[in-house]
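Student: From TrEMBL, for reference:
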type: BINDING; residues: B:Asp32, B:Ser47, B:Asp77; note: Mg(2+) 4 binding site
type: BINDING; residues: B:Asp32, B:Asp77, B:Asp217; note: Mg(2+) 3 binding site
type: BINDING; residues: B:Asp49, B:Asp131; note: Mg(2+) 1 binding site
type: BINDING; residues: B:Asp49, B:Asp77; note: Mg(2+) 2 binding site
type: BINDING; residues: B:His56, B:Asp268, B:Trp321; note: substrate binding site
type: BINDING; residues: B:Gly130, B:Asp131, B:Arg155, B:Ser219; note: ATP binding site
type: BINDING; residues: B:Asp220; note: Mg(2+) 5 binding site
type: DOMAIN; residues: B:30-147; note: domain 'PurM-like N-terminal'
type: DOMAIN; residues: B:159-303; note: domain 'PurM-like C-terminal'
2 protein chains.
Amino acid sequence: MLAEFDLIRRYFMSSQEASTASNGVTLGCGDDATLLVPQAGQQLVVSVDTSVVDVHFPREAPAFAVGHRALAVALSDLAAMGATSRWCLMALTLDQRQFADDEATEAWLADYAQGFHALSQQHATTLVGGDVTSGALSIGVTVMGEVPVGEALTRGGAQAGDLIAVTGALGGGAGGLALWQQGERDLSHPLLSRYLLPQPRLAAGLALRGLATAALDISDGLLADLAHLREASQVGAIIALDALPLADELESTLGREAALKAALSGGDDYELLVTLGADDVAEAQQRLVPLGLSLTVIGRCSETLGVSASDQSDLSGYAGWQHFSGEAP
Amino acid sequence: MLAEFDLIRRYFMSSQEASTASNGVTLGCGDDATLLVPQAGQQLVVSVDTSVVDVHFPREAPAFAVGHRALAVALSDLAAMGATSRWCLMALTLDQRQFADDEATEAWLADYAQGFHALSQQHATTLVGGDVTSGALSIGVTVMGEVPVGEALTRGGAQAGDLIAVTGALGGGAGGLALWQQGERDLSHPLLSRYLLPQPRLAAGLALRGLATAALDISDGLLADLAHLREASQVGAIIALDALPLADELESTLGREAALKAALSGGDDYELLVTLGADDVAEAQQRLVPLGLSLTVIGRCSETLGVSASDQSDLSGYAGWQHFSGEAP
């Protein structure tokens, strides 16, 4: 068995040691803990997400995607707060028995680390701590970001009359999972890439600061996450099903009904769900243009609690998408 | 299956919501991330530790102890830095199939939460984030503390001539594990309690700030952790075996040789290993008196690298204690 310290050193420490100086890191990995210097005038924004094999991602998923995805889903929470990502810690639990030999373990780790690092570098997020343990494959990622005092986006600010909008497209996560389960393995397929290589919307969250009245990321599915926003803000919601931006190739792959269901309750999309005043929509859309990202109005907040469709469709029929995790205990 | 949000709410959110106001928490659990306000003039100290069933603790360990221990081993890293603990995040992965029914799951969770909270309250550490996922039992704990700029204890400050000392007693972790494996289940047994309910030495770390030239916590075993300190500080070490403070009942339970081996390489003690100038030992010991904790000099740092025993014993004979994790893959 490869020793823990060897693992950490070889695949994780070298790359971030080089980048510590400019990132507020006084003492990096390798001591009992890491010393960080937050910026004055900023609030610290922290969140943790665990990705478990056979629950959140398939056992046969490429190691690169496993590393990317574990960090992406955690960063998505910072995006939903309008925070700038700064640091992360990674707790990797790895079952070496799943590999033929040390060489296979190392190959997997190298790919995994590459996926993790590529995304962390893209978002200027320095890996400042970690733990490698033996057990069923699982990755816990703690992310730490910053936001100017009072400017964070929360779930609780929506008011009746606000419009409801989403970034990008919906249903790709669930559509990609369906394709994976049918045997598709080409990660360049737009749906599969949405499922296994989601892009956290950090730049969008930042751009929507000062405009969005509430925000969260869509991880559990649009209806489920909208319910969290409704509860926190004490508003209702009316959704226009025809307005839902469906992921590329989703409808052609699954058919209209399943595509709608994927968009409404599939989850794993990691787009931002936001509310904003009607007068601010154009400005918000304008801000996302440089990011190559759309912002689509899909409904509005109502005083009457609960959720309904503007065309009177029965939304309960769209609940209950078979999540990957639904197959686990 | 109990829903994630129910689990989090019922056992973890209520108790810390009451304590957020005075703890630098602007927005607590329940949003995508938590907002914290670090104190000015302090460095942030962060670390993550994962505790995996059958690797770090036995499957049949009392839930109270599992919760206590998962937090304790993480806090121990803050203690080793001389930091004040402030916040933690907990990622719990739980296999509900191991329980007979929802009632059994809830009973386990209630005990687990009680163990976690009792310790977090003892050390004024507010739980500010979490994730509950389904899978093999495992707990990832991220701890966040603070230390005045420049005052953190690190592994790299020891110099030749410094004395080497440890807090409390050694070998209890390994001795307790041995007892557990022999069927002992009484947590009031001093050795078993050392193994399953370790006490992070946060107050000692704080008291030794400004005196200790280097510090780390003993999790892998004295010799292994001393090797980390020696490497970081580029010093050698000479150890007096007769001086090692052995845990209560360790020698009478295991015999002299096994007791020494447990103290030298057993690990899981979570005592602090520190170096300090000869002139500072009395002052350091004095500072620990109010904590009811001893500080025992066990050797000194040498210019010659490597480690040896002052009585010329062959230390290699004491390596290789059969760790619990040694039985896992």
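The count begins at 1 with the first shown residue.
Every residue gets a Cβ built from N, Cα and C, even glycine.
Those TrEMBL annotations? Automatic predictions, nothing curated.
What's the neighbourhood like for these features in this structure?
Tutor: Secondary structure at B:Ser47 (Mg(2+) 4 binding site), as computed by DSSP, is strand. Around the Cβ of B:Ser47 (Mg(2+) 4 binding site), 29 further Cβ atoms fall within 10 Å across all displayed protein chains.
According to DSSP, B:Asp77 (Mg(2+) 4 binding site) sits within a helical segment. Its Cβ taken as reference, B:Asp77 (Mg(2+) 4 binding site) is surrounded by 30 other Cβ atoms within 10 Å in the chains shown.
Cβ neighbour count for B:Asp131 (Mg(2+) 1 binding site): 23 (other Cβ atoms within 10 Å of its Cβ, all protein chains included).
Taking Cβ-Cβ distances under 8 Å and a sequence gap of 6 or more within the same chain, the neighbours of B:Asp49 (Mg(2+) 1 binding site) are B:Ala70, B:Val73, B:Ala74, B:Asp77, B:Gly140, B:Val141, B:Val143.
In the three-state DSSP scheme, B:Asp220 (Mg(2+) 5 binding site) is classed as coil.
DSSP states for the domain 'PurM-like C-terminal' (B:159-303), grouped as helix (H, G, I), strand (E, B) and coil, give 67 helix, 30 strand, 48 coil.
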Student: For the binding-site residues B:Asp217, B:Ser219, B:Asp220, B:Asp268, return the ones with C-beta distance to chain A below 8 angstroms, or 'none'.
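Tutor: From B:Asp217, B:Ser219, B:Asp220, B:Asp268, the ones near chain A are B:Asp217.
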Student: Under a three-state reduction of DSSP output, how is B:Gly130 (ATP binding site) classified: helix, strand, or coil?
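Tutor: Going by the DSSP assignment, B:Gly130 (ATP binding site) falls within a strand, counted as strand.
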Student: Tell me the Cα distance separating B:Asp268 (substrate binding site) from B:Arg155 (ATP binding site), rounded to the nearest angstrom.
Tutor: 19
Student: Pairwise over B:Gly130, B:Asp131, B:Arg155, B:Ser219, annotated as binding ATP, what's the top Cα to Cα distance to the nearest Å?
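Tutor: Farthest Cα pair among residues binding ATP: 32 Å.
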Student: Checking the contact step here: among the binding-site residues B:Ser47, B:His56, B:Asp268, which have a Cα within 10 Å of the Cα of B:Ser219 (ATP binding site)?
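Tutor: Of everything listed, what lies within 10 Å of B:Ser219 (ATP binding site) (Cα to Cα) is B:Asp268.
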Student: Give the number of CB atoms, excluding that of B:Ser219 (ATP binding site) itself, located within 10 Å of its CB.
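Tutor: B:Ser219 (ATP binding site): 20 neighbouring Cβ atoms within 10 Å.
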Student: Determine, using Cα-Cα distances only, which of these binding-site residues is closest to B:Gly130 (ATP binding site): B:Asp32, B:His56, B:Asp220, B:Asp268.
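Tutor: Closest recorded candidate to B:Gly130 (ATP binding site) by Cα: B:Asp32.
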